[in-house]
Amino acid sequence: MEHADSIRASTKEHNMVPGHVYRYGTAGFRMSADLLDAVTYRVGLLASLRSRKLSGRAIGIMITASHNPAVDNGVKIVDPQGEMLEQDWEKLATQLVNSRSDGELVELYHQLAKDHKIDLKSPAKVIYGRDTRPSGHTLVAALADALVATKTELVDYKILTTPQLHYLVRATNTAGTPLSYGKISEVGYYEKLADAFLRALRGKKINGRLLVDCANGVGGPKLKEFLKYLSSDRVAFDVTVVNDDVLRPEVLNLDCGADFVKTRQKAPPSPKPVPGKRYCSLDGDADRLIYYWTHPETGFFMFDGDRISSLAASFIGDLVNGAGLRDDLRIGVVQTAYANGASTNYITQHLKLPVLCTPTGVKHLHHAAQQFDIGVYFEANGHGTVLFSPYAIKAFKETPPQSPAQKENLDTLVALSDLINQTVGDAISDMLLVEVILAHKNWSLQDWATMTYTDLPNRLVRVEVDDKDEFQTTDAERRLCYPEGAQRDIDDVVAKYKNARAFARASGTENACRVYAEAATRIEAAELAERVSRIIIRYGRNL
Ligand code: 16G
Ligand code: MG
């Protein structure tokens, strides 16, 4: 039994808090940081198995709770290409973490190795990083204990944004191959982005100042670091970083950040928003992005993931047409049920691009986007990216240009494929993409709003239920298939409204259901959300 003694010894240092059932959810294990020491240790054991299973390729682990309050933390596993952990292994993670005793844990570890034909003597490598939460310190120590006990090579990248860790995993596993993703360092990440940003801009002027709210999280210091790599003689990019206090943990995600802006539909109170200025917000681990501005008369206006997605799809679609590749490359957009119906109509009817709908959670969108040569995916909450297939990148690089204009389009596409993080949604990279597009179009935020579409009024409500897992969905979470009768009741209510849509689903991150409703007016959307919520409460009680 390879590693049995060392695991047994170090397991004793990391005791599970009794009375909890843990599940590897949409964002890995995420909860109050007090409960996470032994969970993180056990995730380390699983990551070592996963690396060995995949011939010693590096597996990533990110310690973050994203937009959650400072007292929470989380741990999630990143697969070798920088993607989310394969779903079958999520179950194994859940099993291993829920082992009831040290003995059971050691036994299950060996059982998994046996079942999956893993040679425990073969090499393994795990690389990891954490956001700015103070609890991250002790959690990475627990993780390191598991890696040492299993004789796994480890690299501690200390404080990183989530997308930076994803970048490093891919860079590590592609180094020295024709698909090399970049230098294996944080500096390599900044250099790649800075170089691609300049190439994509092609000397176009960025108008006015951008104020970036960093949710008092890791995005603040990392964005400031990135800006040092932009030489001021090559680009005038006037950025002011705000809400970047990482020294007082309690202010993380407090009344600021992308999740605050999206869910409250308003600008952070501090610093006081100046009408007409261009703002954006990142979340606590810098993988979500929302733009906004305030109009002197009409007030707050938000550019969420749906708008960033349609902006990117429209710009990239134009470049592909201009490069003469329209008939060669399939471009598609992936959304979830939360996408505003007006954005879906705009993309299908105006941009004439296909739209796929998947369940919530990055892994689902990412996977669907891979079906296209150019797959644009965003959740309404601001998480997303654009994936380019190897075939598309080859076409950008090798198509002989027929004119200077065509060459320019091809070069810009190559630059975008370097600028846009190919592993996961990345707020810093997405922000640079938006800035490039606005500069090319010479658009202000007001132009962006008026030249596209008007959102349908909508409302999102959180509904407390006894057991959210009783609510099961089908059709990309747009319909409930259980409890029986609930969907029929929702359909009856929706039918009473014009241009309306509503759905209910169990949250993947907390014990609650979420209800989303869209209708022709704000009042109707709110009323519909309220009525559907009552249906959920009623069925939640009957179970
Ligand atoms: C997680 C997901 C995010 C999703 C959210 C939904 C990842 C990396 N993150 O934060 O994409 O929008 O969960 O939360 O997949 P909910 O299931 O509680 O509504
Ligand atoms: Mg996040």
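Heads up, the Cβ atoms here are built off N, Cα and C, so glycines get one too.
Curation does not apply to TrEMBL; its annotations are automatic.
Binding of Mg(2+) is attributed by TrEMBL to Asp283, Asp285, Asp287, and within the candidate set Ser55, Ser66, Ser507 the record adds Ser66 to that site.
Each residue in the domain 'Phosphoacetylglucosamine mutase AMG1' (304-443) gets a DSSP state, and the totals come to 76 helix, 20 strand, 44 coil. Summed and averaged per residue, pLDDT over the domain 'Alpha-D-phosphohexomutase C-terminal' (460-533) gives 96. Sorting each residue of the domain 'Alpha-D-phosphohexomutase C-terminal' (460-533) by its DSSP state yields 24 helix, 23 strand, 27 coil. With a CB cut-off of under 6 A applied against ligand 2, none of the binding-site residues Asn381, Ala506, Gly508, Arg514 are retained.
Of all the Cβ atoms in the protein chains shown, 22 others lie within 10 Å of the Cβ of Arg514 (substrate binding site). The Mg(2+) site, placed at the center of the C-beta atoms of Ser66, Asp283, Asp285, Asp287, has further neighbours from the same chain whose C-beta lies within 8 angstroms: Thr64, His67, Asp131, Thr161, Thr162, Gly217, Ala258, Leu282, Gly284, Ala286, Arg288, His383, Ala427. Of the ranges 122-176, 207-289, 304-443, the one with the most Cβ pairs under 8 Å to the domain 'Alpha-D-phosphohexomutase C-terminal' (460-533) is 304-443.
Residues in the domain 'Phosphoacetylglucosamine mutase AMG1' (207-289) partition by DSSP class (helix H, G, I; strand E, B; coil) as 19 helix, 14 strand, 50 coil.
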